[in-house]
Amino acid sequence: MSLKLPRNWDFNLKVEAAKIARSRSVMTGEQMAAFHPSSTPNPLERPIKMGWLKKQRSIVKNWQQRYFVLRAQQLYYYKDEEDTKPQGCMYLPGCTIKEIATNPEEAGKFVFEIIPASWDQNRMGQDSYVLMASSQAEMEEWVKFLRRVAGTPCGVFGQRLDETVAYEQKFGPHLVPILVEKCAEFILEHGRNEEGIFRLPGQDNLVKQLRDAFDAGERPSFDRDTDVHTVASLLKLYLRDLPEPVVPWSQYEGFLLCGQLTNADEAKAQQELMKQLSILPRDNYSLLSYICRFLHEIQLNCAVNKMSVDNLATVIGVNLIRSKVEDPAVIMRGTPQIQRVMTMMIRDHEVLFPKSKDIPLSPPAQKNDPKKAPVARSSVGWDATEDLRISRTDSFSSMTSDSDTTSPTGQQPSDAFPEDSSKVPREKPGDWKMQSRKRTQTLPNRKCFLTSAFQGANSSKMEIFKNEFWSPSSEAKAGEGHRRTMSQDLRQLSDSQRTSTYDNVPSLPGSPGEEASALSSQACDSKGDTLASPNSETGPGKKNSGEEEIDSLQRMVQELRKEIETQKQMYEEQIKNLEKENYDVWAKVVRLNEELEKEKKKSAALEISLRNMERSREDVEKRNKALEEEVKEFVKSMKEPKTEA
């Protein structure tokens, strides 16, 4: 018996993959949990935003009303507000959120789209989410929160402050973003005498046009006809749309404490505020200092513009200092303290923000930096722009990239040129500070790259383990034990072959021994190491073993970095959970205190009503007695005529 297959069968795997992807896109929340490990919502995490939106189905393209909850880095949607089991979720980091322009015929539809990251889309087969809000304001609010969680660059607005400042350094030295400078200069020129500046709103359509222009990379100039209130609204919008406010969330409670201390002891409050300002990131400090001086200039004309220090602090303070949890109760609780501390910063800006601190820090000299090997002018590589401020996470990332900036021959510049190093002119930090990335020579071969990468990785590993916050693992000890073996292999490699930039030029017959002897003498002068005899040569087997040892140690370093990163993430998650638990306990205490106050007021009201009832009862008893006496007298008066008759 023979089996005949249909002629129109298609064995193309792409079609099947597309079907699988489409089937995954319509999975429920329970099924999607198998593809994404964190699809189950954590009840301890406080929702960032929640509300009703309409979701477009992927196949039928009709709209469904769903209840969306933005929690941590996930967007969940439920069929009903009371449901505890989500119908689906979406992992937001790396996603793109964009507004969709509708036709004039579809007026009243405010649609935006969430496009997943390319890696997440390929792994999960998940389509984009097309959502519709009920109003323009609601859509803009959802887009703002989603972009903040997604962490995607969205132009100047919504971009991190340090990223904006670092990017704009190529246009010249700027302590604050260019947008802030432009707005402040325009307001100082045309808005000092404008009544209600920063209090009266600008034109929404013009603000949106200017925002889109800045996000598109343009630098629009404000002409004389530009409404000054529109420019002020644009400045407030930029400050409000920062992913993290100018005062970081970690220092929010510290600034509130300064505001509380102003009522009791203003001198102590000023000292505490100076401590908080000293630990601000440099970009945040520069922007806060610039804004406070700018607002001080505005309030000098308060007799005309009606904006005193207190009024400016009330209007601008909530944009500079805000809580991570945008709860109305939390905002109302912190508003008076924010207003007081902002007033102090504007009034005492000369003391709190001395102009001596405005000078940008010059990058440290290369010879004083033990973490980074200097790059010789004749070496192969790219000149990288240096960052002015190095945070804890930036220093860790710079450790991982230091291996790429070492000399491609596996040597330090002082080792390669020990005699002529003093004659070679060195560049000043200011010369290479603002240079763009440029390629100087051809790329080295793989062996040289591995050698240089290992030297950088070995030093970075020691720097990482010096930190007491991370506990070293057993693999770290193993890496320490291999250090001597690695140095021996490097000596063997350097003895056997000295890598030249021009690898395609054949060397002379007697050159290997001479180069090895020169290399050994240079290494002895610089490091004090005793190398093997220059006449000893190594075979191909030893070269391969040395390369394998380098590869294995490279893998070990990578594994250690991954382990440290996972430990760091785990500790950060624990810290976040503890902060959330602390906040929940604090919120519960506040709620209980409010309920206690309400009960006290109730009991006081009941006591008053009880007293009133007692007084009314006494009055009624008195009236009853009076009526009884009147009745008795009336009865007596009725009996007396009868007796007389």
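Quick reminder: no glycine exception, Cβ is built from N, Cα and C everywhere.
Annotated coiled coil per Swiss-Prot: 541-644, in sequence order. Summed and averaged per residue, pLDDT over the coiled coil (541-644) gives 88.
Positions annotated as compositional bias 'Low complexity' by Swiss-Prot: 393-409.
Here Swiss-Prot flags 420-431 as compositional bias 'Basic and acidic residues'.
Marked as compositional bias 'Polar residues' by Swiss-Prot: 487-504.
For 46-151, the entry in Swiss-Prot reads domain 'PH'.
Feature annotation from Swiss-Prot assigns domain 'Rho-GAP' to 159-353; the stated evidence is sequence analysis.
Annotation source Swiss-Prot lists phosphoserine at SER362 (among others), citing a large-scale study or a structure entry.
Annotated phosphoserine per Swiss-Prot: SER395 (among others), in sequence order.
Here Swiss-Prot flags THR406 as phosphothreonine, drawing on similarity to another entry.
Feature annotation from Swiss-Prot assigns phosphoserine to SER536 (among others).
Per Swiss-Prot, region 'Disordered' is recorded for 355-444 (among others).
Residues annotated as region 'Disordered' in Swiss-Prot: 469-550 (among others).
The site 'Arginine finger' annotation in Swiss-Prot covers ARG199. Neighbours of ARG199 (site 'Arginine finger'), defined as other CB atoms within 10 A of its CB across all chains, total 15. DSSP classifies ARG199 (site 'Arginine finger') as coil under the three-state reduction.
Note: the domain 'PH' (46-151) comprises 25 helix, 42 strand, 39 coil (DSSP; helix = H, G, I, strand = E, B).
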